[in-house]
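As given in TrEMBL:
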type     : residues : note
DOMAIN   : 97-494   : domain 'Major facilitator superfamily (MFS) profile'
TRANSMEM : 150-167  : transmembrane segment
TRANSMEM : 200-221  : transmembrane segment
TRANSMEM : 233-253  : transmembrane segment
TRANSMEM : 259-279  : transmembrane segment
TRANSMEM : 323-342  : transmembrane segment
TRANSMEM : 348-372  : transmembrane segment
TRANSMEM : 384-404  : transmembrane segment
TRANSMEM : 410-430  : transmembrane segment
TRANSMEM : 466-489  : transmembrane segment
């Protein structure tokens, strides 16, 4: 009897599966907040050079009652829209500009220099961000993108390190460790005394996030019967979308990056404490020659599901074998295009809070359609469509004029929704292609490729300085290529999760040496096969 049949015999999608899934899915709401929080914690408000403390008598000017905006014209050059320059100031105050009737004076011939006294920020939307606290503007503006790349680097490192450790030491141990690591590092980030310390802690946070995502997904789906796997995988993805919407609410209420950091970090301690209840994967225990512990966990599941007798009757026979791999380019392309869209919400010219909510809300219909498509059409076609179509939408958006904000936002929302749904499909695909013996290692390598994409995405935004729309051209091209590649992936619809490498090779047409077997004891003892 296959493991999925075994799950059916002890209750299928029963009480245990719902409790276990809920405990593993709820933290995903916070995971999304940590990944996307820099849309708010690193938001760049309007700013200009700070006016120095002075008295007009120092320049032999009769004191006048002037408001700050009028006085600013004497110190900071203004553009054609009467907006002050963000990074330049006059080398000497230009008092004559105060007395000109025209709203915009010709200042092209006046000498300017970089801001000498720092910057003044518009704090209408945000009280404090890392940009305003550490002046990450003008010559230092690229440090904002670098901080997000550092975070994604942490996720990459976590995927490489923790993915392999999960296959060696178990999913549960690494999950518990990752919860504690995230709770501590996330909380400490709120008290960062400098930008460098902030980046270090964000790197550690990224590693913890990777450990949680990889192991929570496996610990959830490895206990789910075949018929219910797609729906439960989609539910996990929906929690991430809920987190995106919740993040907008958290940021709107707090308006301060340190407070926001605490709001999304302190609850992780609660997840850490209850994670001790979550059982280890029976599949992993069997593969790692711990059949007695596996039987104990299976019988525990049977007891919770109300099938005690069926659980007591089960014995296991397992033989180990081998493996095949998923082409990780699809995961890299999905992550690259997705984070290229979601990590710079200010480009759309409307409220970042509103855009964040819309970007989160679009995931629900997109992921629901993805789940139905995976169940009735298959993984391969679904994955290809969810890469090709958003890639083309992003490419089209590159040629839409900046002034058409509604059209630009609409295309971006549709593209983002489909790429978010693509994550649902690709994670399910990866789990189904890898055998239990190396499933976490495979997930780790897949996540590594995804982080390569997400690390690169923030840096591509800098290409906007050279050509309008160039970043979107890059963000759109990779998913289109990946969509073509996805057509050649094997189909896994209604296939049981593979236990061994040889089993996967057998599915691909190679000779099968041995397969996993789960049996009930017969009245007459039978010899092991």
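Including glycine, each Cβ sits where the backbone N, Cα and C put it.
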Take the domain 'Major facilitator superfamily (MFS) profile' (97-494) and average the pLDDT across it for me. 83
Six or more residues out from either end of the transmembrane segment (384-404), which same-chain residues have a Cβ under 8 Å from its Cβ atoms? 330, 333-334, 337, 340-341, 349, 370, 373, 411-412, 414-419, 421-422, 425, 468-470, 472-473, 475-484, 486-487
Against which stretches of its own chain does the transmembrane segment (150-167) lie, if we need a Cβ under 8 Å and a gap of at least six residues from its ends? 35, 38, 174, 178, 199, 202-211, 214-215, 218, 284, 339, 437-448, 450-452, 454-455, 458
Report the listed stretch (200-221, 348-372, 410-430) having the maximum count of Cβ pairs within less than 8 Å of the transmembrane segment (233-253). 348-372
Surrounding residues of the transmembrane segment (466-489) on its own chain - C-beta under 8 Å, 6+ positions past either end: 326-327, 329-330, 332-334, 336-337, 340-341, 379-380, 383-399, 402, 415, 419, 422, 429, 453, 457, 460
